[in-house]
Amino acid sequence: MDITFDHVSFTYQAGTPFAGDGIKDVSGVIRDGSYTAIIGHTGSGKSTILQHLNALLKPTSGTVTIGDKVITNETNNKNLKPLRQKVGMVFQFAENQLFEQTVAKDIAFGPQNFGVSEKDALALADKMVKMVGLPHDVLEKSPFDLSGGQMRRVAIAGVLAMQPEVLVLDEPTAGLDPSGRHEMMQMFEQLHREQGQTIVLVTHQMDDVADYADTVWVMAEGKLIKTGTPREIFADPAWLKANQLGLPKTAQLAQQLAAKGFHFDPQPLTESELADQLVPQIGGGQRG
């Protein structure tokens with residue numbers, strides 16, 4: 001299911017003295033099966049884009065086409081429930097959305113809200129806890145007795161239980177330690193790789209962009225200023241700096257090594273790419 005923005009603008013509090021632009025004249029396509037990262041400094045419009053992906057916000061002008069559903073400023077909210085099942089949203093600190101007495105009930109709540117029987121919803125809960133790497137015995141526990149990282153996994157399992165076609169992630173690893181962050185990003189990558197899950201990731205972590213995304217949207221001052229692969233986006237460090245963005249840590253390390261005589265072509269963006277180019281130079285004495 002593609003999501004297409006066609007000259008989309010959104011103004012907060014339109015028609016009032018407090019009106020402010022959220023996004024301006026954005027056009028682009030998030031392809032079915034892609035892993036798209038949306039980056040940009042704070043206030044660039046990332047969150048506004050995100051909220052258009054399942055019509056939490058509707059364009060002030062332009063259209064957002066989600067699958068076969070065209071969203072305009074005039075779209076009636078009553079017709080959006082099926083759409084919101086297709087696009088699952090995982091917000092920052094998703095664990096704050098938990099509220100049920102048990103993990104099983106919390107995960108089953110979403111599917112039941114969309115018409116799935118209690119029996120089938122609980123079966124989905126059983127399946128989803130395994131998918132997010134939690135043991136079966138958490139199902140009967142209170143979500144509030146779990147660790148913060150486990151609570152976040154439960155919240156994500158609740159979104160996945162609705163079996164969305166598109167999974168939208170807003171800084172999903174915020175507040176996690178490096179190990180927890182890596183485990184969670186690997187979980188999303190597995191969903192993408194093994195099930196063809198379309199993923200949209202809003203992040204400040206350039207390492208995650210390099211490691212996982214196949215497409216990148218760069219936002220600045222409400223405008224979509226650049227799209228491309230991670231390699232295309234990270235090819236110009238000066239341009240990144242001008243737009244208050246940086247290189248992945250691996251690329252920064254490669255620059256430091258290049259200053260000491262090592263050669264890299266193309267610029268490595270991930271740890272595996274760096275190792276592939278660095279090991280032969282260390283072993284074979286190919287430094288300049």
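Any Cβ shown, glycine's included, is placed from N, Cα and C.
The domain 'ABC transporter' annotation in Swiss-Prot covers 3-246, and the record cites sequence analysis as its basis. Per Swiss-Prot, the feature ATP binding site maps to Gly40, His41, Thr42, Gly43, Ser44, Gly45, Lys46, Ser47; the stated evidence is sequence analysis. If you look up Swiss-Prot, you'll see Glu171 marked as active site, proton acceptor, on the strength of sequence analysis.
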Other CB atoms within 10 A, centred on Gly40 (ATP binding site): 25
Listed in sequence order, residues not in Gly40, His41, Thr42, Gly43, Ser44, Gly45, Lys46, Ser47 with Cβ within 8 Å of the centre of the ATP site Cβ atoms: Met219, Ala220
Pairwise Cα distance for Thr42 (ATP binding site)/the residue listed as 'active site, proton acceptor' [Å, integer]: 12
For Gly43 (ATP binding site): DSSP state (helix, strand, coil): coil
Under 8 Å by Cβ from Glu171 (active site, proton acceptor), same chain, sequence gap 6 or more: Gln92, Val202, Thr203, His204
Spatial neighbours of Gly45 (ATP binding site) that are distant in sequence (at least 6 apart) but have CB under 8 A: Gly22, Ile23, Lys24, Val26, Met219, Ala220, Glu221, Gly222, Lys223
Which of Thr42, Ser44, Ser47, the listed binding-site residues, has fewest other Cβ atoms within 10 Å: Thr42
Those binding-site residues listed as His41, Lys46, and which of them has the most Cβ atoms within 10 Å of its own Cβ: Lys46
For Gly43 (ATP binding site): intrachain residues, at least 6 apart, with Cβ closer than 8 Å: Glu221
Reported mean pLDDT - the domain 'ABC transporter' (3-246): 94
